[in-house]
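Now, the feature entries from TrEMBL:
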COMPBIAS  76-88  compositional bias 'Low complexity'
DOMAIN    293-728  domain 'Citrate transporter-like'
REGION    64-88  region 'Disordered'
TRANSMEM  110-129  transmembrane segment
TRANSMEM  280-298  transmembrane segment
TRANSMEM  304-321  transmembrane segment
TRANSMEM  333-353  transmembrane segment
TRANSMEM  373-395  transmembrane segment
TRANSMEM  416-436  transmembrane segment
TRANSMEM  456-478  transmembrane segment
TRANSMEM  576-596  transmembrane segment
TRANSMEM  602-621  transmembrane segment
TRANSMEM  633-654  transmembrane segment
TRANSMEM  674-692  transmembrane segment
TRANSMEM  765-783  transmembrane segment
């Protein structure tokens, strides 16, 4: 029970120390330092260097506690019940093994540090040497009828490159109307030699074509009729021209363009003489992505630092290719709406936790399910899925995680497995509606999707049929994985687990205080001594000594703990609760209405307005304490991930995935194209979105599926492809810990409560669940859209 109180209000727990040990000072909470997991198979390791330095301070203080050793070997932490009486020789072997293990660990640490420093040096040198790329000049011209206008792009000689990128903007016809076009805009590149050359082969041309001097193919783009030139909105086209020759010759390289219109046609364009070579860019992008996952899986550094390092490396690679993005471009890659939504909802949930509502809801849930584990888990999961279909799944997880952790603590269960179940159902519930998950919002706002007749009701009806089967399958799958009820509980005695949790909490308290003032320094030293005392008790407990490590109330039985929980007299702060209810009512109502075009508010703005309303109403709330509970590490991880995905897109990785998907579908026989398209889009979007963020993937794939449906040769209906993409983008979020926003948010909140969810732990459960869900979605889509032709 003390652990729950420490989590709810850590500083109040600090102030409960005897006055002789801890003088009263003004408590100041800063963002918690993320604490590594201490225990791996009954082995407590102090991993963070800052933690080692912290412990060293109170090791040198003889008054800090009974033990003078903090760093322990696995043998020291092994419970006495598992130890056998050993001879002197076996003890020597154990000591030798521990020495070799420590030496191996130390060597691995130095190797990792050297590799990371090398990467840092590479980024530093490249970013110092390379400037930001200059913004390409925008050229605006007006083409007269029957006129070919030219623009010199390279003077006196042919450019020493084999590619030139052109970006055009004008009154072009949309792709889905291109077959109706009667007028075209033509553009090409030609070389105008200043000398006579006897060998046309130098230009890569045949002798009879020498008079044309074209060094690229002619690019023809459908344009609107004369009456619509000044009416239709501006559209953009992007193309990389491959030059016929890159031999350096004297002459001018010109960009030539004309139209078939009988009136003037305005157009703007930019060009890049040295675009990124995507063939190498894809390889570089894949290596960076693999490196990120290696760092996260091996956990050699914190995932937020790993993401920042990967993002910096990707930008350095772009700089090395002379495509270093500007600060404005970097800012445009960051999804400010998502970060604003996360930040504001964290503030609201932080204030809401002060009302005591989470304990109250946990008691209600326990009474309704009569304390049975699986009915309780199912209730939490299905309630999460329902709420996630109405709200976004990030908000849902922020609300449900504290309740779940509180229930698991009372029932002496490990919260991590139950939280993973919550995450799975949050992602599944978000797939049900057009507002439940960011990929669905992107799909639902696409004009081609709207034109195909897919609205809120139609989308939910098609997705709901498949999700019913997926819900049942996931529930059975989880029941099979956790068929042994002990897997839902802690693997060690409750007193040991609680000591570990309490040690982590006191560590966070000490880390949150600086030494800027004398009072804070005194409090911090007292907290370090407290950590030392708890650490010594934990060490002695694991050695098998009987130490009074727990107060009387924490030595009570399971039944007594449940009884105390149900009879707990913790009245709700009704005044603050009403203020939070008004704020949440405002936020949830606007969340449900934000898809209406008349409401000019995004999710981020709605959350921000709700946060401001709550801060005004609850004016007595200590803003520093509220900000101290924000998951800054999670927010920094997402910001770095957005920049990384933007850099990977610039390197061509995501576009390459879309093009390969389109090529495979085009190569299949006509009668099988719909089946292959559904399977390919579903599985590609699922697998890719389980490793990269699903927002840029959905943005790219929605263009792929609309272009496929608009191709008259393929004759593919758009709705089946839309539902395949929606299933893939949302189901892929269950694959890995960093696949979806709500996964990382839930893991961050759990870590703030002292429970760590590792990448490998999530992957072992989540990826099989994801694969099983995708198999069911595949069968459902093939039966409904291929067999029965339900494409309306």
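Using the three backbone atoms N, Cα and C, a Cβ is placed for every residue, glycine included.
Source: prediction; values computed, not measured.
Using the rule of three or more Cβ pairs under 8 Å, pairs at least 6 apart in sequence, the transmembrane segment (280-298) is not in contact with the transmembrane segment (416-436). The stretch in 304-321, 373-395, 416-436, 456-478, 602-621 that contributes the largest number of Cβ pairs under 8 Å to the transmembrane segment (333-353) is 602-621. Averaged across the domain 'Citrate transporter-like' (293-728), pLDDT for the predicted model comes to 80. By the Cβ criterion (distance under 8 Å, sequence gap of 6 or more), the transmembrane segment (576-596) is not counted as touching the transmembrane segment (765-783), fewer than 3 such pairs being found. Same-chain residues lying 6 or more positions outside the transmembrane segment (674-692) and placing a CB less than 8 Å from one of its CB atoms are 289, 293, 439, 645, 648, 654, 657, 661, 664-665, 668, 698, 701, 704-705, 708, 716-717, 720-721, 724-725, 727-729, 731-736, 739, 767, 770, 774, 777-778, 781-782, 785-786.
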